[in-house]
Amino acid sequence: MGCCTSKKPDKNSNSPEIIITTNKNIEKIVFSAKTPNTRSVTVHEVSKIRRSSHVAHKNGPIEEYFNVLEKIGSGGYGNVFKGTDKQTGFFRALKCIKKNKLKNTNLMSEVEHLQELDHPNILRVLEVIEDSENFWIVTELCKGPNLFEKISKFEIFSENQAAVYMYDILSALSHCHKAGIIHRDIKPENLLFETSNENSVLKIIDFGTSRKITEDIKCTELIGTPYYVAPEVLEGAYDEKCDLWSCGVILYIMLSGYPPFNGLNTGKIFKKIKHALYTFSSEEWQGISEDAKDLISKLLQKDPNQRLSAEEALMHKWIKKRSDTKNFSVNSSTISHLRHFNSSCKLKVSALSYIANHLSTLEEITEIRELFLKLDLNGDGKLSREELKKGCKVLGLNKAAEIEDIMERCDADGNGYIDYTEFIISTMDWENKLSMDKLRETFKAYDTDGSGAISVENLKNFFANDLSLNPEDFEEMLREGDINGDGIIDIDEFMQVMNFTT
């Protein structure tokens, strides 16, 4: 995961202070590769349970919760370690951030933004642990290389492969931007493959420099990595379009093997960026399609108002033509689960969401994810009514009323869409995937004081970071599980709510 350090401007310069991600990796490309020679419901009451409800904040030594293994990454704020959860045995990535090197607000920015986002191409944050000297951000563990490592190995990519990767990046950014979040440091090192498999999905990581913005307020802080920074960032007034410029740079590198804006020092690189000085004249571009060049030119548009948005870029003919190359089939049982799922029970939906995010394996969700991505026609990481209607052939659904019913029952948070986690819990084969062990671990997570039962106070503690929930929600969850009316939910009652039988 990347890092940021401040770099003061030259004394003779009028430029404001610029915060630059220092990384020598790109120099390997520059000097070793060829140089250029983000409702109202009438059918049922929504549960309001969101994925962000389950990002726990804990205190104590990391060793109390995890076995810390080898270091797998480093940055200016600390290191990233591989670790195993002592309760579940799951492997996780543990990002250790030194308190003396970071303002608490910056850390909370990264965590808050990551827990807001629910997309298959964005790294999932699971919990935050605080000890006397460090903050530990616990995320899913990706076992593949980052995109830079692939670029270094393969030098250039086929257009089809580059389009698949670019679709993953743009889809994640479309989701971020609709949530009002800009990443501000999109670069190959911050794009991580989930596995080493050739068909692995790509995930955006490191939201340490991300910011939340509104339509009428632009960012002014100059942040980024020299080769990927947009002209307007250098000028000190920018919005989410800066991420799209970075995408243009990455696509250029994937297809040619070298960056579009090159120079012996940062000043010369910035000069070329400010004037959008790049070409397609070298021999590497002779076999590249005009459609690819057209997309790059629309992403590297100097005027951000003329630059494509992530949503627009996803609709570009080069992306549409080349990225959808998978053969696809749908398991009939998956559709049956979608038809019969009901999200009206807050406690059950919450528990299933926790299991989907914390206790499910990659193998258990891969097929579901592929179906979700197939249905997500605009690539924004959520399913609209219109997308469900258009995907009716894939789903085997023919009646508009049936699609509307699915929408009402599966939209757990009531935002008018079926989000990624909602889709997972709606289509998962819980009859075969719901085990005693998973339910016991989920019960332990809710039983925040280890008393052996879940109380209203436990629920308040568990959902402490979800401001959308109110005291009435916690009382309702307790009523749903407190079958004998003694004011708490014991393990047997919890199992009954989850319809689990041994």
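Positions of Cβ are set from backbone N, Cα and C atoms, glycine also.
As annotated by TrEMBL, ATP binding site applies to LYS99. Every protein chain considered, the tally of other Cβ atoms within 10 Å of the Cβ of LYS99 (ATP binding site) stands at 16.
Per TrEMBL, the feature domain 'Protein kinase' maps to 66-319.
Annotation source TrEMBL lists domain 'EF-hand' at 363-398 (among others). Using DSSP to sort the residues of the domain 'EF-hand' (363-398) gives these counts of helix, strand and coil: 23 helix, 2 strand, 11 coil.
Residue counts for the domain 'EF-hand' (401-433) under DSSP (helix as H, G, I; strand as E, B; rest coil) come to 22 helix, 2 strand, 9 coil. What TrEMBL records for 401-433 (among others) is domain 'EF-hand'.
Beyond the domain 'EF-hand' (434-468), the same-chain residues lying 6 or more positions past its ends with a Cβ under 8 Å from any Cβ of the stretch are 48, 50, 52-53, 55-57, 87-88, 115, 351, 354-355, 358-359, 413, 474-475, 477-478, 481, 487-491, 494-495, 498, 500, 502. Among the features that TrEMBL reports, domain 'EF-hand' is placed at 434-468 (among others).
Residues 48, 53, 345-348, 350-351, 434, 436, 439-440, 443, 446, 452-456, 459-460, 463 of the same chain lie 6 or more positions beyond the ends of the domain 'EF-hand' (469-502) yet place their CB under 8 Å from a CB of it. The domain 'EF-hand' feature in TrEMBL is assigned to 469-502 (among others).
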**Request:** Over the span of the domain 'EF-hand' (469-502), count residues by DSSP class, listing helix, strand and coil in order.
**Result:** 18 helix, 1 strand, 15 coil
**Complete:** Same-chain residues at least 6 beyond the ends of the domain 'EF-hand' (363-398) with CB under 8 Å of its CB atoms are 117-122, 167, 170-172, 174-175, 178, 201, 311, 314-315, 326, 328, 330-332, 334-335, 338, 356, 404, 406-407, 416-420, 423-424, 427-428, 433
